[in-house]
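S.K.: Before anything else, here's the structure in question.
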Amino acid sequence: MKLMILNDYDQASEWAAKYIRNKLLQFNPGPGKYFTLGLPTGSTPLGCYKKLIEYYKKGQISFQYVKTFNMDEYVGLPREHPESYHSFMWNNFFKHIDIRAENTNILDGNAADLQAECDAFEDKIKAAGGIQLFVGGIGPDGHIAFNEPGSSLVSRTRVKTLAQDTIIANARFFDGDLCKVPTMALTVGVGTVMDAKEVMILITGAHKAFALYKAIEEGVNHMWTVSAFQQHPQTLFVCDEDATLELSNVSCRPPSINTVLCMQHMNYVHIQPIYSLYKLLCAHTTYINSYVHIQPI
Amino acid sequence: MPSNKSVSDAPICQFVNCRILRDHKLQREDLWVREGQILDPEKLFFDEKGFADKQVDCEGLIIAPGFIDVQINGGFGVDFSQPSSDVASGVRLVGHRILEHGVTSFCPTLVTSPPSVYHQVLPQITVQNGGQHGAGVLGVHVEGPFISAQKKGAHPEQYLRTFSSPGLSDLLQTYGTLERVRVVTLAPELEHSTGVVRELSQRGVTVSLGHSAANLSQAEDAVQSGASFITHLFNAMLPFHHRDPGIVGLLTSDRVPPERTVFYGMISDGIHTNPAALRIAHRAHPKGIVLVTDAIMAMGLPPGRHTLGQQVLEIQGLHAYVAGTKTLSGSIATMDMCVRHFRHASDLVLLDDDLNVKATYICGEEVWRKKT
């Protein structure tokens, strides 16, 4: 597992966006060879989406041969409701890029048969050849997608009732009125995300610090479902400083923004996001395995 | 990228790099149009999996809905109230020239005239959609002759009329036909007007109160019977008085049926109303304001003497007076001037930050562009 710590939200978003961009370029998608991306919603990935849109506008990447699979959607909320995840993805991402509508996949919370809709979603992922990179976030209670505490760690896409904590956290999108927040959602399972080739979790803000601590410094536990990724062969956590406040293994913090440290624990790295892999990929000269440039002090 | 044409074969045009007026704010958003209808791009994306066939770069300009002028008596030498054998070409000329001012639909307005004029002119005006040829004609606005002698303004006294009965017989006798009539301006204090207002409203004709000395209560009765508009607020009506606000009081009246809005035309040319009065009206009832030009034939013409209906006028600078008096008779301001003045206060207009019209679109097609 790799944990990347950036100074703040903006830098974390930019780093994550560059990672996705570079993965996409490396994969080199084309007709018949689609790059499959799992996508989250919420406030955490907004900065990352903005950066990806910037790279698209600059002509660095295209989403023409990208297939996306969103993690979840509310049940019973009209699709055109401004808080539906369809609206979120349209307004914050799809409408600004060149992705084709038929390549986007979001669960339909108004389907007549909800479980059949979930099963069909799993089939679509399979038909697309599985997901190359699943990007996700973490809830304050350590959940991934809507896999609330107590969810099976081998679960698949299904209908879930939302936990009280989640409803409270989401109330800010519904005028602060708890009654207006949907109580059920369709969500990919922990097992569904574990099937992805690579998983990247974005975590920013002090309010997520405890969840991050529980997810990576304690055992695998269904009360903190993100902990399941300790058992995934290729997981990457991208956070800002605030999100690491509860971690005990970060033995020292950089005195200034320009210092790059080599830590005792190789996996925890404070890095300065200046290294442009993009330029390298465009030049087709070097192929490197590690995306982190570490300079020992 | 082409649309996948699952719902319609018609091409989709996407206006990019523009600011649109939405939710009362200027927002940086794209505008999508197909066959003259504005599309919801989110619905287009998820339902139809559709895309734009064509993109128009707006270069950062503002996109606004095309302006609609419901009170325009003529312009560029054309006077709609003149009985002529070729009214249609006059309407066409004005319709074409006002595209320059961002107007995409209008109501040719006839001032108080003898029945012979209405009988000759009205049948020659056709309701039609706008397009490359010019702005759309929504129907005729007949301003008078059923108005108050006390508040006739520039209308000729000898042709004013009253109602002899509550039905539509007087109107049919005067106008000849109500077929193309869209708006009727009348004075509600005239006897039998309540019945007339009710009949007209039931027929779908907009009844507008104006050129009237009515008090608030008479005006409210008219609104209850179906009147929904006020012709050039403040002009040709009793001034606002704190014990009887008159027609102006309709803006804040509590006797207006709850599901209805009373709209009011305002000539915001800087001459017909003081900007402070404009602001008072707007602040009292912002949802009801409708900017009109009340432009006369001299709009677009050089200073001098001209005819309006049965009267002679004199143009002095931006003012148009009844010849030999100081009574204002309509304005020669253009719609975009009125909009700009108001700001210091499909059918679409492209505006720069000073609200100058750069291009006009009807049904998503460019029908006029400012030559630079």
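Each Cβ is built from the backbone N, Cα and C atoms, and glycine gets one as well.
Note that the coordinates shown come from a computational prediction; the quantities given were computed from them, not determined experimentally.
Pulled from TrEMBL, these are the listed features:
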type     : residues                                                                       : note
ACT_SITE : B:ASP294                                                                       : active site, proton donor/acceptor
BINDING  : B:GLU143, B:HIS211, B:HIS232                                                   : Zn(2+) binding site
BINDING  : B:ALA154, B:ASN235, B:ALA236, B:ARG243, B:HIS272, B:LEU328, B:SER329, B:GLY330 : substrate binding site
DOMAIN   : B:62-298                                                                       : domain 'Amidohydrolase-related'
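What's the neighbourhood like for these features in this structure?
M.R.: According to DSSP, B:ASP294 (active site, proton donor/acceptor) is assigned to coil rather than to any helix or strand.
Look at B:GLU143 (Zn(2+) binding site): DSSP puts it in a strand.
Taking all protein chains in view, 20 other C-beta atoms sit within 10 angstroms of the C-beta of B:LEU328 (substrate binding site).
The average pLDDT computed for the domain 'Amidohydrolase-related' (B:62-298) is 93.
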S.K.: B:HIS211, B:HIS232, B:ARG243, B:HIS272: which of these binding-site residues has the highest Cβ count within 10 Å of its own Cβ?
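M.R.: Max Cβ neighbours within 10 Å, all protein chains included: B:HIS211.
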S.K.: List the Cα distance (Å, whole number) between B:SER329 (substrate binding site) and B:ASP294 (active site, proton donor/acceptor).
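M.R.: B:SER329 (substrate binding site) and B:ASP294 (active site, proton donor/acceptor) have their Cα atoms 9 Å apart.
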S.K.: Please list, in sequence order, every residue of the chain apart from B:GLU143, B:HIS211, B:HIS232 whose Cβ lies within 8 Å of the Cβ centroid of the Zn(2+) site.
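M.R.: The answer, listed by sequence position, is B:GLN71, B:GLY144, B:ILE147, B:GLY153, B:HIS155, B:THR185, B:SER208, B:GLY210, B:THR231, B:ASN235, B:ALA236, B:ASP294.
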S.K.: Name the secondary structure element type, per DSSP in three states, that contains B:LEU328 (substrate binding site).
M.R.: strand
S.K.: Could you state the whole-number distance in Å separating the C-alpha atoms of B:LEU328 (substrate binding site) and B:HIS211 (Zn(2+) binding site)?
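M.R.: B:HIS211 (Zn(2+) binding site) has its Cα 13 Å from the Cα of B:LEU328 (substrate binding site).
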S.K.: If you measure C-alpha to C-alpha, which of B:GLU143, B:HIS211, B:ASP294 (recorded positions) come within 10 angstroms of B:ALA236 (substrate binding site)?
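M.R.: So the list reads B:HIS211.
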S.K.: Just name the most isolated of the binding-site residues B:ASN235, B:SER329, going by other Cβ atoms within 10 Å of its Cβ.
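M.R.: Among the binding-site residues B:ASN235, B:SER329, the lowest count of other Cβ atoms within 10 Å belongs to B:ASN235.
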S.K.: Using C-alpha positions only, work out which of the recorded positions B:GLU143, B:HIS211, B:HIS232, B:ASP294 is nearest to B:GLY330 (substrate binding site).
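M.R.: Nearest by Cα distance to B:GLY330 (substrate binding site): B:ASP294.
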